[in-house]
Every structure is written in C-alpha cells, then in structure tokens.
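*Asks:* Just lifted these from TrEMBL, have a look:
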REPEAT    72-105  repeat 'TPR'
REPEAT    156-189  repeat 'TPR'
REPEAT    198-231  repeat 'TPR'
REPEAT    240-273  repeat 'TPR'
REPEAT    282-315  repeat 'TPR'
REPEAT    324-357  repeat 'TPR'
REPEAT    367-400  repeat 'TPR'
REPEAT    409-442  repeat 'TPR'
REPEAT    451-484  repeat 'TPR'
Amino acid sequence: MGEYSKALEIYENISQVYCDNLPANDPAFATLYNNMGPLYGAMQINAKALEMYHKSLDVKKQISSPNHPGLTVIYRNIASVHDNLSEFSKALEYYEKTLQIQKKSLPPKHFELATTYNNIATLYDKIGNHTQARDYYEMSLDIFLETHSEHHPSLANVYRNMAVVYDQTGDYSKALNFFEKALEIFDKSLPQDHPNFAHTYNNMGSAYDNIGEYTKALEYYQKAFEIYKRIRPQNHPDLAISLNNIGSMYDIMDDYPKALECYYQALDIKKETLPSHHPSIGSTYSNIGTIHERTGNYSKALEYYEKSLHISEQSLPSNHPDLAVIYSNLGQLYDQMEKYTESLNWYRKSLEIYQKSTTSDRMIELATLYNNIGTVYTHKHELEKALEYHQKSFDIKQKSLKADHPSLVNTYNNIASVYQEMHEYGKAIEFYDKSLEIGRKILPENHSDLMATLNNMGSLYYDMQKFTEALPFYQEALDIAEKTLPTDHPDLQELKENVQVLKQYLKK
C-alpha cells in the first residue's frame, strides 16, 4: 500500500507541473489521470479511481474524435471499476462503448475484440443472463481460435467460462467437455498446484452434482480441496467453499456425520474471515440445520434455520433466491413436525420469490418446492391438490433432467404415495416401481430415498392386505434405517414396529 501512495505522490507532483505549464486539454493530462486510476483501484479507493478515469475521458473527448481507439482503454478501465463495485449494468454500458469503437477500428478477428466479448459475457453471467453470456463467450472463442495457438492459456479461460455457463443452463455434457478442454491446456501450461486446476475441479464437481453423479462430484470437489489446502492459508474462503461442496455431497449420500463435520469447518472459516451478517454464513447455518432435520433433531434444526433467516433477511434483497431456499427449508421442517399450516405459509413465501425471479438454473429448485408443497397436501389428505403440485414438479424435472436422474426417485415415490392414499393401487405400484428401478440403479444402497420407497411399497402391500409381499420391503427399509439413522429416530422406531407386527401376524 505504501508503494501506491508514493507513486500517487509523484503523480500529484507531475500534475502540478502540468497545470503550471500546459493547457487543460493537453493529451498529457489524459495519460496522467488514466495512470493514476489503477493506483487508486489497487488501494480499493474506487470512487477516486473513477474520478481519475472520468477526468482522463473528459480530456480525451476534447482532443479526439468520438470513435478514437484511444477512448477504449479508458472505457475499459471505467467498466472494470464498476464491475469491482458490483455495478454490473454500468460496467456493461462502458464495455459496450468499448465494443462499438473496436468494431469500427479493428479487424473483425482482432484479439482485443475477443477480450471485450469475454468481458461482456462475464458480466451477463453475473447478472444471470446466461444465454447472452454463452453467445458472447462463443464470439470470443471464435476469435481466440484464429488468433492463438490451440494450447494458449487465454483459450483455457474462455473454455472454462463457457463450461460454467453451459452448466448453469443445464447443458452438462457440453459443460464437462469444455472443462476437459480447459484442463488439457492447464496441464501443458501451468504447475499442478495452480489455483486454476482447483477452480476447474470445483466447477466439474458442480456439473457432476447437477447430473446426479455424486461419487464423481465428490471426487472432483476433493481434488479441488487438496490443492487449496496446499496453496491457501488455512482460513481462506476457497477452503470454506470446498468444504461446503464436499459437505453437500456427503449430505446427498446420507453420510450425515461427515456432512456436519464439513459444514462446521466451513462455518469456522467464514466466521474468521467474513462480517457476522454475511449471507454466506447464513447459507452455512442453513446447511447445518438441514443435517439436524434429516437426523430428526428438529429443535436444533429450527435453531440453525432461524440463525440463517436472521442473517439473510438483514443482508439480502426481499426477492433473493437464497431467501426462497431458507423459507423452503423452514416449510419442510414444519411439515416434519406436523405443523402443516406453518409449513404451507413458509412454502408460499418461497414460491412468491421463485415465481417472480426464477431463472433456468433455478428451475430444479422450483420443482423441489412444488414437490414439498405436494407432500404437505398429502399429509393434510388434500389429495387432488397434492397430485397437482407433484405433477408440476414432475413436469419440470422431466424437461430438465435425464430419465434416470436420482431426483426422480423422490418424485415418483411421492406421486405413488398420493395414488396409494386415493386407493388407486395399480397406479401407485407403477410409480413405486419406477422410483425403485432408478433408486437401485443410481443411488448408494443405503440411501434415504431408497429407504423411503421401500417403506412405502411395504405400506402399499400392507394396505392391499398382501402381508407376505409387504414384509420384504419393510425389512429392507429397516436394514437401511438401522445403518443410517440414530437409534432414537422416529422413522427407525416406526419401521421396527411395522416389521415386528407383520412377523407376528404371519406366524399365526
């Protein structure tokens, strides 16, 4: 920081000399102010950086034509400061000005055009317009492929950026293809512990997570974490992000002790490095609450959800998607506690946000919300409404996911449960069979969704008074429960009772 202050002091002295000897619109002033801007930027004095760049721009406009190429440097610098300030629309405005001049003054395949396309794409990605982002990344890539060697590091960054956008828009095979291309270049140009490897492994973990290949996802998240451990301080935010991702995989795979361990480690780092009301801390509280809910510790779950809610309502806009997630978590918890009115109230608050602001990358979250609302209506025995919401969930998932995605296990199971309640046993068996087929193929053998389907099939055959058929399903569900649930979990106790009652009945 001291070096920047010294440099600014020298520039201030030069400025005084210029003021004493040069006219106010001399080109030297434009250069001087433009050189002072980055120093203020490096010192995080963004307002002063913008002031310098605009002073430079004012001089340049007086002495140049409106489309002079020299203006693009200043426009880019102004855009960069607005980007750093998260003023993305303003940043986009100045990159667009840069692009307009470059299109008139440069050959159509010039590498500077590629850089500007890439910068614009990044901004569209940040504001959630992933389709526009993808289009600009493709224009950038088209030029880079003509102007750089096939293993140039700049290409790797474009490949990775494109992969992230394809991941966000649900084209996961293309995302993974571009991540692999980026890795191939990194292998040839960077040391193995370079952060770009860790970032890319992390992104690949996300893509595998999204297509339901959780073992692969965990593998890549762990690869990222191992690199971050070697190159980052022990309380670096990248480590917290990695731990959170690994925790989420253990959660999905029903390894709740490991998930909780990861989340608590992530929370410790975030508390050390972030303000106490940072949304990221709220998100981790929510994750911890989810694990306590899954293990039947509802009072502990509520405690952490309320901590998350307190932070998020203070730090996020009222229509932020992360708030919708927290409201949905509270809805699910109150459903588990059989407080159905409170549950629906929280779900409705969540739904209001999703209906106003859902983007393509959030559609699966909306599908999950519809599914959860349907479950509450099932518990309330409002079966037509339950079926309506489960069908909405299924329609979204059918369009967005592959036919054997693990998420469909739960969806088919819930639809079958409604038909079972309606005594439409043939349809119930059809959907339970679909759920079980995917579950046995895709999920770990002790997964909670598999246990739920097996339990429900036992219940169905019990309702049909086919007790011999019911027992094996209950027994298999119990075997999973005994391996995965705490000894005092209500679901475990209920399964034990069901198996015991059936065994006694069949002995008679």
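We count from 1, first residue shown onward.
Placement of Cβ uses the backbone N, Cα and C atoms for every residue, glycine included.
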*Asks:* DSSP helix, strand and coil counts for the repeat 'TPR' (156-189)?
*Replies:* 31 helix, 0 strand, 3 coil
*Asks:* Quick test of the contact rule: Cβ under 8 Å, at least six residues beyond the ends. What residues does that give for the repeat 'TPR' (409-442)?
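*Replies:* Result: 212, 367, 371, 374-375, 378, 381, 383, 386-387, 390-391, 393-394, 397, 449-450, 452-454, 456-457, 459-460, 463-464.
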*Asks:* What residues in the same chain, six or more past the boundaries of the repeat 'TPR' (198-231), come closer than 8 Å to it by Cβ-Cβ distance?
*Replies:* 160, 163-164, 167, 170, 172, 175-176, 179, 182-183, 186, 238-239, 241-243, 245-246, 248-250, 252-253, 401-402, 405-407, 442
*Asks:* Rank 156-189, 324-357, 367-400, 451-484 by Cβ pairs under 8 Å to the repeat 'TPR' (282-315) and hand me the top one.
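*Replies:* Going through each listed stretch, the top one turns out to be 324-357.
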*Asks:* To what whole number does the mean pLDDT across the repeat 'TPR' (409-442) round?
*Replies:* 94
*Asks:* Can you name the far-off residues of the same chain, 6+ from the ends of the repeat 'TPR' (240-273), with a Cβ under 8 Å from a Cβ of it?
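*Replies:* Residues 198, 202, 205-206, 209, 214-215, 217-218, 221-222, 224-225, 228, 234, 280-281, 283-285, 287-288, 290-291, 294-295, 444, 446-448, 484 contact the repeat 'TPR' (240-273) from elsewhere in the chain.
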*Asks:* Who are the chain neighbours of the repeat 'TPR' (367-400) in space, where the CB to CB distance is under 8 Å and they lie at least 6 residues beyond its ends?
*Replies:* 170, 324, 328, 331-332, 335, 338, 340, 343-344, 347, 350-351, 354, 407-408, 410-411, 414-415, 417-419, 421-422
*Asks:* Please indicate, using numbers and ranges, the residues of the same chain that are 6 or more beyond the repeat 'TPR' (324-357) and have a C-beta under 8 Å from a C-beta there.
*Replies:* 282, 286, 289-290, 293, 298, 301-302, 305, 308-309, 312, 365-366, 368-369, 372-373, 375-376, 379-380
